[in-house]
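Trainee: The structure follows.
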Amino acid sequence: MDIQFLGTGAGQPSKARNVSSLALKLLDEINEVWLFDCGEGTQNRILETTIRPRKVSKIFITHLHGDHIFGLPGFLSSRAFQANEEQTDLEIYGPQGIKSFVLTSLRVSGSRLPYRIHFHEFDQDSLGKILETDKFTVYAEELDHTIFCVGYRVMQKDLEGTLDAKKLKAAGVPFGPLFGKIKNGQDLVLEDGTEIKAADYISAPRPGKIITILGDTRKTDASVRLAVNADVLVHESTYGKGDEKIARNHGHSTNMQAAQVAVEAGAKRLLLNHISARFLSKDISKLKKDAATIFENVHVVKDLEEVEI
């Protein structure tokens, strides 16, 4: 499980950073890629990665500002031109209005897609659990921005315990089909009468990962709730230390506020995202250094960077 950042800039593209988009790569888990936001130029960034557009099965939009959605029509159209690859349907989750935006863009441009898009729109009254599969659950909660905006909490369901092969061999169980039966929870009786209780040879289930991906927001309790015990918290950092007032006026956060959210939520790792173009390389180091005085395990991400979860 990895996150690859396709755009880490704020507001408009710059030479160093494209606008908002990231890919949650779940290839080992479910052979899918989930996109979160799709700003202008996202498909260009994807061309610089190993991501295959057909593997993108779901797109989650945080809000309808242009720097988070203007790349959708282009990506959806390009996804249709995957030669020699089977076309697969796509699901888009986002605030009310995302369906109208996509369908209008496709209609006026005369674009016809050879696959179906299933839209899942929500408003302030229809948040909470928005998706559940056999391996993942996704929650959405409203943040505090200048327009309706949400954050997402992706929870991997607990993983099966592992089989203690060494202990089984010591108990006289021959390697082979019997191992598989025990792994599936089946109790056995060996030829010599030894009873093998499957539960004695399988470790406890392992907790799944928690990934929190926030849209644009002021510091808010909703961010903390979404990030409780998160393995990774992706939080915007449009402004730096000392800019709390201007950040609030524009519906954004500082690096220090993001660090405070990570502390209050008990998150394990903080990734600062949505970086303003006014920050030069030396300022990026300061963003991290300042935030680390509050939350030590912090990192400022850059375009095309891949982070293992």
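Cβ atoms here come from the backbone N, Cα and C positions, even for glycine.
As the structure is a computational prediction, the values presented were derived from the model and not from experiment.
Dumping what Swiss-Prot says about this protein:
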- HIS63, HIS65, HIS145, ASP216: Zn(2+) 1 binding site (BINDING)
- ASP67: active site, proton acceptor (ACT_SITE)
- ASP67, HIS68, ASP216, HIS274: Zn(2+) 2 binding site (BINDING)
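Looking at the shown structure, what environment does each listed feature sit in?
Mentor: Of all Cβ atoms in the protein chains displayed, 25 besides its own lie within 10 Å of the Cβ of HIS63 (Zn(2+) 1 binding site). HIS63 (Zn(2+) 1 binding site) falls within neither a helix nor a strand when secondary structure is assigned with DSSP, and so counts as coil.
Taking Cβ-Cβ distances under 8 Å and a sequence separation of 6 or more, the neighbours of ASP67 (active site, proton acceptor) in its chain are GLY9, ALA10, GLY11, GLN12, VAL19, SER20, GLY39, GLU40.
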Trainee: In whole Å, how far is HIS274 (Zn(2+) 2 binding site) from HIS63 (Zn(2+) 1 binding site) when you measure between their Cα atoms?
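Mentor: With the alpha carbons as reference points, the distance is 14 Å.
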Trainee: Other than its own, how many Cβ atoms are within 10 Å of the Cβ belonging to HIS65 (Zn(2+) 1 binding site)?
Mentor: 21
Trainee: Between the Cα atoms of HIS65 (Zn(2+) 1 binding site) and HIS274 (Zn(2+) 2 binding site), find the distance and write it as a whole number of Å.
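Mentor: Between the alpha carbons of HIS65 (Zn(2+) 1 binding site) and HIS274 (Zn(2+) 2 binding site) there are 13 Å.
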Trainee: Express the distance between the Cα positions of HIS68 (Zn(2+) 2 binding site) and ASP216 (Zn(2+) 1 binding site) as a whole number of Å.
Mentor: 10
Trainee: Do you know which of the binding-site residues HIS68, HIS145, HIS274 has the most other C-beta atoms within 10 angstroms of its C-beta?
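Mentor: Sorting the candidates by Cβ neighbours within 10 Å, the top entry is HIS274.
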